[in-house]
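Undergrad: One structure coming up, written as structure tokens, with questions to follow.
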Amino acid sequence: MCAVSLTKPVAVVALGGALGASARFLLAELWPGIWTVLLINVVGSLLLGYLAETVGPDRLSRLFLGVGVLGGFTTFSTFAVDAVREDAVTATLYVVATLIPALLAARLGMLAGHRHRLARKAVA
């Protein structure tokens, strides 16, 4: 892929990333702490699961919403650093309390998105 054909996708991801990261920053400023990061990652997993099932093949929409907005909103690296900084019990609880709900949320989002897609097809 040449540089010219990357210009629009990079701009779309950058714009989405700025929006998602700004939303995460605002939430973390309003409610600082590891549990806000947990909530952000679980909600982001739910939304990405839904997105995976509902956004059509339009590459720019997927890049903007998935890689950009939700990629900027969620944060695995902050989750990892926060876990390492905690004592062993809190870190273990935090890891389990993040990963299991995030996986379940992603699946729930995918199921909801699948049902939404089927309902749209039935109407069309």
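Every residue gets a Cβ built from N, Cα and C, even glycine.
Feature table excerpt (Swiss-Prot):
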| type | residues | note |
| --- | --- | --- |
| BINDING | Gly71, Thr74 | Na(+) binding site |
| TRANSMEM | 1-21 | transmembrane segment |
| TRANSMEM | 30-50 | transmembrane segment |
| TRANSMEM | 64-84 | transmembrane segment |
| TRANSMEM | 93-113 | transmembrane segment |
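Thinking about packing and proximity, how do these listed features fit into the structure?
TA: A helical conformation is recorded for Gly71 (Na(+) binding site) in the three-state DSSP classification. Summarising the environment of Gly71 (Na(+) binding site), the number of other Cβ atoms within 10 Å of its Cβ, over all protein chains shown, is 19.
Sequence-distant contacts of the transmembrane segment (1-21) (same chain, six or more residues past either end, CB-CB distance under 8 Å): 59-60, 63-65, 67-74.
Tertiary proximity for the transmembrane segment (64-84) is limited to same-chain residues at least six positions away from its ends with a CB under 8 Å from its CB atoms, namely 12-24, 34, 37-38, 40-41, 44-45, 47-48, 51-52, 55, 91, 94-95, 98.
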Undergrad: Do any residues, 6 or more residues outside the transmembrane segment (93-113), come within under 8 Å Cβ-to-Cβ of it, and if so which ones?
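TA: Residues 34, 37-38, 41-43, 45-54, 79, 82-83, 86.
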Undergrad: Specify the count of other C-beta atoms within 10 Å of the C-beta of Thr74 (Na(+) binding site).
TA: 22
